[in-house]
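What TrEMBL records for this protein:
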type: SIGNAL; residues: 1-31; note: signal peptide
type: TRANSMEM; residues: 277-299; note: transmembrane segment
type: TRANSMEM; residues: 341-367; note: transmembrane segment
type: TRANSMEM; residues: 373-393; note: transmembrane segment
type: TRANSMEM; residues: 414-434; note: transmembrane segment
type: TRANSMEM; residues: 446-469; note: transmembrane segment
type: TRANSMEM; residues: 490-523; note: transmembrane segment
type: TRANSMEM; residues: 529-555; note: transmembrane segment
type: TRANSMEM; residues: 567-588; note: transmembrane segment
type: TRANSMEM; residues: 600-629; note: transmembrane segment
Amino acid sequence: MANPGGGLRPRHLLIFVAAAVLCAVSSPAGAFYLPGVAPRDIPKDDELQVKVNKLSSIKTQLPYDYYFLDYCKPEAIKNSAENLGEVLRGDRIENSVYNFKMRRDESCKIVCRKKLSQEAAKNFKEKIDDEYRVNMILDNLPVVVPRQTREGSQTPSFEHGYRVGYKLKDDKYYINNHLSFKVLYHEDQTSPDARIVGFHVIPSSIKHEYGAWDDTNPTAQTCNANIKITPGSHTPQEVAPDAYVVFSYDVTFEASEIIWASRWDVYLLSSDSQIHWFSIVNSLMIVLFLSGMVAMIMMRTLYKDIANYNQLDNQDEAQEETGWKLVHGDVFRPPVHSGLLCVYVGTGVQFFGMTLVTMMFALLGFLSPANRGGLMTAMVLLWVFMGVLAGYTSSRLYKMFKGTEWKKITLKTAFMFPGIIFAVFFFLNALIWGEKSSGAVPFGTMFALFLLWFGISVPLVFVGSFLGFKQPAIEDPVKTNKIPRQIPEQAWYLQPAFAILAGGILPFGAVFIELFFILTSIWLNQFYYIFGFLFIVFIILIVTCAEITIVLCYFQLCSEDYHWWWRAYLTAGSSALYLFAYAIFYFFNKLEITKLVSGILYFGYMLIISYAFFVLTGTIGFYACFWFVRKIYASVKID
């Protein structure tokens, strides 16, 4: 029941989120999908315009504008409206010469003839060598090429985009200059109009035969209603300087049972749902193991410790005891570089807020692939607006450490993490620009990012910091001694380096299977839309980071080592090292990148992702340990 104020109670919100997660993991595409755009009812013979997107390759990871190659151009090239995410992804959506009439089949139609210059032939050959694919869009649906269905498989599979061409054993290059389009449509029984639900293409290479060429009314003997062009049915068109290439296409329309709301299922269909469930079960085993250890520490050891400490009659008896109570006078002593810790914790909270809200929007279907670039746009904007949390958190922690220069900490919070990321990004963007790729972020977009950072994010960090510093300081549950206690020699397995590296293994183990699918979607040009699974794995990651940090923190305090502040952050954060190591493994085992620039781009972007993962997991571990330490020291009597 709703409360009197008309809002939802927390448990209702939890039920709503749980329902969304269940929808997400049980739907055929592995996600709860809201198409994101209104359906378009198209009358018969209405004009349809195919738009062209970037040329993409998983071998180079460098997108290029479609008209970088010498394809047929319309009279005026017009760019469609783009959002920030599309530009950052390298998408360049433009009009093309391919125009259809709705539900009107067309046999072979010539588009244009091109004479390849030396430069044009060289570009085509390079793109064929690098296995580039052409991406097109019709009614917001990307074009796909049907694959041969495996024996015993009922589900059809498709490849995104069609190849520019191919190379045979004779070392000659051939261009796919004829496109056989198939448009699937769904008829509404109550209306004569129809909706487009599929866009397929089969590319072919054909050396068209023709007599005298007429640009105003081009014709060819190999392009007429009586000839069906299929791959391998005719002599292919070789790519060579001064060669004339005739581009043509045909289109057929086919009624389909697929409804408009399900038209993206072919792109989002996950055939690996069993692997995702295995990933979650594997992660849950880790969580149950850690939860058991935490429960044992909390229920048995800690309660027994607290009971014993509280029963001690005099100080002499207390001095004979060993364990975590002995360091009560030092455990809340501010760490070295406490200001830097405040900055990283504040940044981590900002990143956590951005990740959580983005995931919630994606989980509820608002960031579907139909809204190209929507996910990246949401992440950038949420990062900017979450600056208020970063400022608030870092200044509150800084005040607890008895710091006074809150403006300096605020500046570091506003500039340190984004500054490092932007420096790496700028270097990578310069490399992309040097390759003349459309993936290079234009100057105007770069200026817009600067404006978001300096005009919105930085002021919000200052607002948050001001509000946080005005709050009363967080009081320590016990007093800190003036003279630091000497730390006894530690066992080898409690040495900082070993304990920190060991602590990162389990959080990484909880997510590494899902990480494979995320890397595949980023680097192998696949759609990632299994946010239901991802949300469950994210929750498991939070719990795992918290629990492993608490367990190792307890062992550290029991050995009378009170330098836990940075150790807690680095213990969970070290999982980022394993993430980067996995990225290296993935590069050499799954990718076919051979170009130096492409390799630098891969490792540069993976470095950014690993650094962000370090900040996120480190902050989760820090706050878990912070809560744990305050809880246990508030539970014992201190004379």
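The first residue you see is number 1, and the count goes up from there.
Here the Cβ of each residue, glycine as well, is placed from N, Cα and C on the backbone.
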Criterion met for the transmembrane segment (490-523) and the transmembrane segment (446-469) (at least three Cβ pairs under 8 Å): no
Cβ contacts the transmembrane segment (446-469)/the transmembrane segment (373-393), at least three under 8 Å, sequence gap 6 or more: yes
Top partner of the transmembrane segment (277-299) among 373-393, 414-434, 529-555 - counted as Cβ pairs under 8 Å: 529-555
Touch test for the transmembrane segment (529-555) and the transmembrane segment (600-629), at least 3 Cβ pairs under 8 Å: yes
Tertiary contacts of the transmembrane segment (600-629) (same chain, 6+ residues out, Cβ under 8 Å): 61-62, 331-332, 341, 344-345, 347-349, 351-352, 355, 417, 420-421, 424-425, 427-428, 431-432, 503, 507, 523, 541-542, 545-550, 553-554, 557, 564-565, 568-577, 579-580, 583-584, 587, 591, 593
